[in-house]
Amino acid sequence: MSKKYDAGVKEYRDTYWTPDYVPLDTDLLACFKCTGQEGVPKEEVAAAVAAESSTGTWSTVWSELLTDLDFYKGRCYRIEDVPGDKESFYAFIAYPLDLFEEGSITNVLTSLVGNVFGFKALRHLRLEDIRFPMAFIKSCYGPPNGIQVERDRMNKYGRPLLGCTIKPKLGLSGKNYGRVVYECLRGGLDFTKDDENINSQPFQRWQNRFEFVAEAIKLSEQETGERKGHYLNVTANTPEEMYERAEFAKELGMPIIMHDFITGGFTANTGLSKWCRKNGMLLHIHRAMHAVIDRHPKHGIHFRVLAKCLRLSGGDQLHTGTVVGKLEGDRQTTLGYIDQLRESFVPEDRSRGNFFDQDWGSMPGVFAVASGGIHVWHMPALVTIFGDDSVLQFGGGTHGHPWGSAAGAAANRVALEACVKARNAGRHLEKESRDILMEAGKHSPELAIALETWKEIKFEFDTVDKLDVQN
């Protein structure tokens, strides 16, 4: 060997802690929140994360001389304190782009959140954010359609889209399921939806559900003169079965299908997204299992990272929480990852949890989906928070109407249109919410009953995962 090789073990910071390094535009940047074991220096912990998520191993190996380790290694170039947390710190790591397969979110996550999360030197580790370089973004497929194409396909403009999940989500026969879909769509919704765990169970095989849903959609379209859709969940136990279900939805003339992207996996999701673009189908994405990964404030992967990865992997709509409903998520954090789904450029903004500038180039945007414990009284806040390029989904807030699902759908549609009209007239939706809704309720008995039914329903629990900002 032409170079001297010294066997043994050396500290990670001797190789992977490089505070003088200036990241390149082509580097993939990551921010980790690290909590090390007692007595381990911050620099050693951060360097260990950089090493174990890139080229490193626990000992010096002779085969390092066969490559250019200095070119390929991950580098921790900055450490920051976490406001209000004396145990943890932020480690900023730069990875050369050649460490990752082009267009493969699976490969990126395998490196960044792989074995390193079981490292003994760490008590906790959380991936807070990723800056994807433009060279990597251009190699990804992205959303199969995007916001503008979806609006054109559905012929719906100037307002958020309106939907609901069919309830009860499990136990209905295919025919009864289709009946509930019809009631919701004729009442005024744009979409109805399979819940994440409805696939092909003994009480309702997928072919049966697809056929009755297609019948309900076509009948509601004839009655209302509007384009309607239902998120047919094609998530299955094998990719082959998933594509069979997607093909059948296409044969039935359905505009949109659905995938559980975390339980289904990024590889399956990217493949399905490519299929959707080739076959002219919209793709709705459910985030089932996300809270297992993202809810702990010190360990796991923040949802903003999952949202970024989904935009790259492919999807036209993604659940994001509601801020005001029953699910976790504060306002500023939610706005931060909504920006990552929809905007072409998102600047660094710690007040929204964005640690890096993120340039998305010409990649299409993704509709943010608000779903979970919302009802008509939430409509003004939802329209304010989520804006027009969103889908507002009321499950219990539709089916729980005393007069049934059609009346619940009508109430939500009237409330939405009243809020959009008030906003366009320059009114402050959140400050004037009661006046706006009560006035609309005078002309809609369905809305009036809904307002009375849901007036005491609130979900006032504190957020577990809060932004790390200085008070």
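Glycine too: its Cβ is placed from the backbone N, Cα and C atoms.
Note that the coordinates shown come from a computational prediction; the quantities given were computed from them, not determined experimentally.
Here's what Swiss-Prot has on this protein:
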type	residues	note
ACT_SITE	Lys167	active site, proton acceptor
ACT_SITE	His286	active site, proton acceptor
BINDING	Asn115, Thr165, Lys169, Arg287, His319, Ser371	substrate binding site
BINDING	Lys193, Asp195, Glu196	Mg(2+) binding site
MOD_RES	Lys193	N6-carboxylysine
SITE	Lys326	site 'Transition state stabilizer'
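Features as recorded by Swiss-Prot, highlighted on the structure.
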residue : record                       : Cβ within 10 Å
Asn115  : substrate binding site       : 10
Thr165  : substrate binding site       : 23
Lys167  : active site, proton acceptor : 15
Lys169  : substrate binding site       : 15
Lys193  : Mg(2+) binding site          : 29
Asp195  : Mg(2+) binding site          : 19
Glu196  : Mg(2+) binding site          : 20
His286  : active site, proton acceptor : 28
Arg287  : substrate binding site       : 23
His319  : substrate binding site       : 24
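In the three-state DSSP classification, His319 (substrate binding site) falls within a strand.
Whole-number maximum of the Cα to Cα distances across the substrate-binding residues Asn115, Thr165, Lys169, Arg287, His319, Ser371: 37 angstrom.
The Cβ of Ser371 (substrate binding site) has 24 other Cβ atoms within 10 Å, all protein chains considered. Counting in whole angstrom, His286 (active site, proton acceptor) lies 6 from His319 (substrate binding site) by their C-alpha atoms. Restricting the binding-site residues Thr165, Arg287, His319, Ser371 to those with a CA within 10 Å of the CA of Lys193 (Mg(2+) binding site) leaves Thr165, listed by sequence position. Here Asn115 (substrate binding site) is positioned 32 angstrom away from Asp195 (Mg(2+) binding site), judged by their C-alpha atoms. What surrounds the Mg(2+) site, by Cβ distance within 8 Å of the Cβ centroid and not counting Lys193, Asp195, Glu196, is the set Thr165, Ile166, Lys169, Asp194, Asn197, Ile198, Tyr231, Asn233, Met258, His286 from the same chain.
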